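Each remark here refers to the structure printed beneath this line.
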């Protein structure tokens, strides 16, 4: 009887293990299938930007990149499944990455060229094949985009943090009405305001100015940032702040020295989203900026694609890669804080 029970428990344990393995495998398979159509366009963009426009080499490079990526991905899954310790897995992942770079260098490098990136050192549009005049230097556009996105980030963060703290901590009248109004502003279709914003900036003397567009974008982004930060402030225990006030700190000191360090992740999250929103903005910079010297990277990408004789796909792809790189670097540096947004929402 004891043997029978032991065999039954062993079968149930084995069945549970296989069920867990099957569930994890199905999740990984689903995420992989969903990721393929997302990752492939970026690899294609990269392949086109580094190949000649001969109609064939970009496809060869794309398939080689996909093959290397697929093999590296399969090896990483095997490492995650079979590695004995985390340190061992980390070493194996580094080896896989180095092997992928080595194989890519030997298999893909002979097909690559930097000709499409000539706009980095030659701002003459005629030399790039675009026949609509001469664009400003790409470094000017990058500088304008950096100034615009950074200023937008500072404004949104400085205004959203105290506003969210007040909505979270202060029990003033009509607070619920303010929250509903912010929600309405966030849901309002901003394209309907384009003409009104244009006229308002004209009368304010801020038309054709990065600062004018910056103020517009700040006003549109604030409701979202305030809601996100409010959730983070709601997750901070009131007892911590009260203890600081009881010990003699002023309300501002408690806010600055006690509460703010608890919501650093939220501040970094809204700052990151504000920077990305400013970096990718096209509609308002296209409408409100007239002078080409104030051109941002989104406008640079648009004008680089204008050619009456046919767009240079390699040039457009290269500009797109340069446009994406700062955003990708920023996301890799702040991804751990962006994932904490869900935690802040749950606590709130």
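Using N, Cα and C of the backbone, Cβ positions are placed for all residues, glycine too.
Note that the coordinates shown come from a computational prediction; the quantities given were computed from them, not determined experimentally.
Of the candidate ranges 21-49, 282-310, TrEMBL annotates residues 21-49 with the feature transmembrane segment. Feature transmembrane segment, per TrEMBL, maps to range 92-109 of the set 92-109, 110-127. Here the transmembrane segment (254-276) sits apart from the transmembrane segment (92-109); fewer than 3 CB pairs are under 8 Å, leaving out pairs fewer than 6 apart in sequence. Nonlocal intrachain contacts for the transmembrane segment (21-49), taken as residues 6+ away from its ends with a CB within less than 8 angstroms of a stretch CB, comprise 58-59, 61-62, 65-66, 69, 73, 77, 116-117, 313-314, 317-318, 320-321, 324.
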